[in-house]
Amino acid sequence: LTLVHFAITWLGLYLCQALGAFSPKSLQPAQVLPLALSFCGFVVFTNLSLQSNTIGTYQLAKAMTTPVIVVIQSLAYGKTFPLRIKLTQVPITLGVFLNSYYDVKFSVLGMAFATLGVLVTSLYQVWVGAKQHELQVNSMQLLYYQAPMSSAMLLFIIPFFEPVFGEGGIFGPWTLSAVIMVLLSGIIAFMVNLSIYWIIGNTSPVTYNMFGHFKFCITLLGGCLLFKDPLSVNQGLGILCTLFGILAYTHFKLSEQESNKSKLVQRP
């Protein structure tokens, strides 16, 4: 399904460039290769983490992506984060833990996949932003190269984890309704993939993760309000903690931007 999504993403981008939405920039395959490899690792290990862990453990592991990104950017790229920005991770992580508390179970294999998933996901998100600045390309130009390269790599990975032919295989029998649903999900994937690149390229990987935490809270609240899903006291407190951390992060980042603007105005 991920392979199909990236193939449709590339087709969508091809259509966009044909309509003049952007102009492709010539890039060497070696320049995009680390990004394409990290994407494949991110998909494989996060899916294996979800398969080998409970939902609670999976969500708790995902929450560790933001602190790992902070560490990677600090050590590898020399980026500094104010203490107050780092401290916003405390209520967010606590909130995710409270939401997942009753569903957290650990196993050696599950923890191995979760750890690899967090590390590779963090690298992927850091590189999405770094490559756009390093290669002087926008989100569409970079994704235009990465999408088909990742699709080709996934072709070699799929046989190790999924059937290729027969029932459930990519070359197996497909009903019309299944084809329609996959194509619709591919169109959504195109928009999601583009938004990931755009958000990270124009903000930062940490800010993108804040959107992810906010989406998690909205999903839980939406399930409760729209579909009457039960919401425990722990989950309610978890949502409040997470939202508090997100609001604090947003406030600090906006204050930082205002401070930077004031410094630019004051320069002779």
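Cβ atoms are placed via backbone N, Cα and C, with glycine included.
Now, the feature entries from TrEMBL:
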type	residues	note
DOMAIN	28-249	domain 'Sugar phosphate transporter'
SIGNAL	1-20	signal peptide
TRANSMEM	30-48	transmembrane segment
TRANSMEM	60-78	transmembrane segment
TRANSMEM	106-130	transmembrane segment
TRANSMEM	142-161	transmembrane segment
TRANSMEM	173-200	transmembrane segment
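Same-chain neighbours of the transmembrane segment (106-130): 34-35, 38-39, 41-42, 45-46, 48-49, 51-53, 57-58, 61-62, 64-65, 68-69, 72-73, 76-77, 142, 196-197, 200-201, 204-205, 208-209, counting only residues six or more beyond its ends whose CB sits under 8 Å from a CB of the stretch.
Counting only same-chain residues 6+ beyond the ends of the transmembrane segment (60-78), those with a CB under 8 A from a CB of the stretch are 46, 49, 53, 86, 89, 92-93, 96-97, 100, 104, 114-115, 117-119, 121-123, 125-126, 130, 205-206, 209-210, 212-213. Panel annotation: around the transmembrane segment (142-161), residues 2-3, 6-7, 9-10, 13-14, 17, 22, 24, 27, 29, 32-33, 35-37, 39-40, 43-44, 128, 131-132, 135, 170, 193-194, 197, 201 of the same chain, lying at least six beyond its termini, place a Cβ under 8 Å from a Cβ of the stretch.
Confidence in the domain 'Sugar phosphate transporter' (28-249), given as mean pLDDT, stands at 87.
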